[in-house]
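Notes follow the structure.
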Amino acid sequence: MKKIPLLLMGCGGVGRQLLHHIIACRLLHSKLGVRLRVVGVCDSKSMVVAPDAFTTELDDDLLLQVCKVKSSGSSLQNLNNFGECKVFSSQDLARKVTDIATILGNSTGMALVDCSASSETIGVLSQAVDLGCCVVLANKKPLTSSLEYYDKLVSQPRRIRHESTVGAGLPVIASINRILSSGDPIYRIVGSLSGTLGFVMSEVEGGKPFSQVINAAKSLGYTEPDPRDDLSGMDVARKALILARLLGHHINLDSVKIESLYPVEMGPDVMPVEDFLVNGLPLLDKDIKNRIDKASSSGNVLRYVCLIEDSRYEVGIQELPRDSALGRLRGSDNVLEIYSRCYKTQPLVIQGAGAGNDTTAAGVLADILDIQDLFP
């Protein structure tokens, strides 16, 4: 039985779902001859670890308790007297993660899994690479930080997986890597990589007011508590940067042209969220409708997409043919079109659920298993 030790950073929706997936797949993984040995879990304030990371692990009952505690909004400190584990506070976290990576990195190749949404993990991940750990990311921020950190993280490409940073569980990164490694140059990528904005653009196409669709998306749980986090386009811009860097473009986030779907005067620093939803959004309806009508008169539709082509790195609304893969997009699916020498007249199209904790966590789990050949 091959045992893969892993340490999870981030106990939000994706992190908790990953733990549930790991527990639910015990029998399947046993048949595959693999056991995922969770030696530690941490959030931004505390950390729970196995008594001896080299020989023991956090048992499944404890992992379920971690999920229960975090789902209720409580601290991991509440696990101090639960089962066989040790709990550390915030000032010890980075050092403790590094200590475990030092013990397990070169000897076992421990997987350090980042399901947080924080830039605070970048330093620890960089050290973990030096210590021989494998890195699995759902967190986009480490890959969209400075080029110095990015180059460090990807310096050993066999030891990093980050499929879930772009398309949740969709095989976007793997497909691009296969095309590039075959010597087939990719010259254009265009895609709808936000389930939220994909839903919004396909709904307004049917005649519903933009403001009504945003409020509906919020009530369905498709948006962040403040929908401007989605409407700013920053999340899609980070995904575009990850893809551009994967293609070999040495650029930073400020190289990506981003179209926000709300003006500066309606920003979070100016307008409270409730004011934005009630009074701000309706003021945007007319412009969106005019753009939809203009596109429709040419037989096109509007989609919020990322575009990477030559030295163009853009995120925003574009007119696209109604009968294209992106034009046919409905609901919250993601769609990506990849153009290369081999996929010139008919692009490689990747489509499917590209959002949600369940799908994203499944992508992370698949990434962890994908690196199992690196473990003794």
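Cβ atoms are placed via backbone N, Cα and C, with glycine included.
Residues or ranges marked as active site, proton donor by TrEMBL: Lys239. The NADP(+) binding site feature in TrEMBL is assigned to Gly10, Cys11, Gly12, Gly13, Val14, Gly15. Marked as NADPH binding site by TrEMBL: Lys140. If you look up TrEMBL, you'll see Glu224 marked as L-homoserine binding site. Per TrEMBL, the feature domain 'Homoserine dehydrogenase catalytic' maps to 171-369.
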Cβ-Cβ neighbours of the residue listed as 'active site, proton donor' (radius 10 Å): 26
Distance, the residue listed as 'L-homoserine binding site' to Gly12 (NADP(+) binding site) (CA atoms, angstrom): 14
Check: same-chain CB within 8 A of NADP(+) site center, minus Gly10, Cys11, Gly12, Gly13, Val14, Gly15: Arg16, Gln17, Leu18, Lys70, Cys115, Ser116, Asn357
Packing count at Glu224 (L-homoserine binding site) (other Cβ atoms within 10 Å of its Cβ): 15
Cys11 (NADP(+) binding site) and Lys239 (active site, proton donor), distance between Cα atoms, whole Å: 22
Densest Cβ neighbourhood among Gly12, Gly15 (binding-site residues), 10 Å radius: Gly15
Integer Cα-Cα distance in angstrom, Val14 (NADP(+) binding site) to Glu224 (L-homoserine binding site): 14
Between Lys140 (NADPH binding site) and Gly10 (NADP(+) binding site): CA-CA distance (Å): 13
Whole-number Å value for how far the residue listed as 'L-homoserine binding site' lies from the residue listed as 'NADPH binding site' (Cα to Cα): 16
